[in-house]
Amino acid sequence: MKNYVSASVLSADMLELKKEIKKLEISGIDMLHFDVMDGSFVDNITFGLPVLQQVRKATDMKLDVHLMINDPLRYASAFADYGADMISFHIESSSDTLATIRKIKEKGVKASVALKPATSAEEVFEFLPYLDMVLVMTVEPGFGGQDFLHGTLDKISVLRKKINELGLDIDIEVDGGINAETSVLVKRAGANVLVSGSYLFGAADMAAAADIIREDLPC
Ligand SMILES: O=C(CO)[C@H](O)[C@H](O)COP(=O)(O)O
């Protein structure tokens with residue numbers, strides 16, 4: 001499968017967001033990862049619909065929205081209308097999972113279910129035929145700059161094996177603590193969409209850093 005890099009704007013300079021987005025574009029970043037946190041599902045509050053609307057106006061990049069909110073079913077249509085190309089929501093949220101997937105897909109947007117580190121791969125199996133992507137959190141959701149949780153690697157392998165067994169074409173996205181070292185581990189386990197915040201935005205050469213985490217593993 002082709003690998004993609006999705007840059008988490010949680011690590012961007014928000015007062016210079018337009019410039020930061022241009023930097024992502026010229027660095028060849030594949031997608032912009034937009035982390036929405038409601039201060040209830042996770043212990044942090046970030047940004048929401050009005051910011052997404054402005055970001056949509058500023059770029060043609062794919063917008064990869066990650067909803068860390070209690071009731072994604074209530075807001076999924078709005079995030080689609082405001083410009084999301086794909087929406088991930090948490091299976092641990094209070095919304096009905098299948099109804100939320102349907103709500104996203106009826107808007108013509110790619111649907112993805114996200115799993116916290118403690119949630120097993122098996123929880124998402126019944127939904128795989130309806131999904132475009134599964135997001136495996138490789139840190140506890142809520143904050144950028146955390147250390148990668150190695151215990152999540154088995155979950156990625158189990159998921160990729162199941163997706164292959166079912167003959168489905170589903171991306172596995174990973175989010176949290178992705179850098180030059182951990183990107184190798186997650187790709188080996190079966191992930192192909194790599195979210196990175198602090199590593200990419202902290203790099204002296206963002207394009208080179210993105211190439212490192214995107215590159216195919218040697219056969
Ligand atoms: O969703 C997130 C936290 O909930 C962030 O996207 C994620 O942590 C990426 O940041 P970093 O690469 O700095 O770990």
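Cβ coordinates are placed from backbone N, Cα and C, and glycine is handled just like the others.
Where the annotation comes from TrEMBL, it is an automatic prediction and has not been curated.
According to TrEMBL:
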- Asp35: active site, proton acceptor (ACT_SITE)
- Asp175: active site, proton donor (ACT_SITE)
- Ser8, His66, Gly142, Phe143, Gly144, Gly145, Asp175, Gly176, Gly177, Gly197, Ser198: substrate binding site (BINDING)
- His33, Asp35, His66, Asp175: divalent metal cation binding site (BINDING)
Fill in: Local Cβ density at Ser8 (substrate binding site) - other Cβ atoms counted within 10 Å
23
Practice prompt. Just jot down the residues in the same chain as the residue listed as 'active site, proton donor', at least 6 apart in sequence, with C-beta under 8 A of its C-beta; none if empty.
Written response: Ser8, His33, His66, Ala114, Leu135, Val136, Met137, Thr138, Val139, Pro141, Val195
Discussion item. Measuring Cα to Cα, how far is Gly142 (substrate binding site) from the residue listed as 'active site, proton acceptor' in Å?
Written reply: 9
Worksheet entry | binding-site residues: Gly142, Gly144, Gly177 - member with fewest neighbouring CB atoms within 10 Å | Gly142
Item to complete: Can you grab the distance from Ser198 (substrate binding site) over to Asp35 (active site, proton acceptor)? Cα atoms, rounded to a whole Å.
Response: 14
Worksheet item: Should Ser8 (substrate binding site) be counted as helix, strand, or coil on the basis of DSSP?
Response: strand
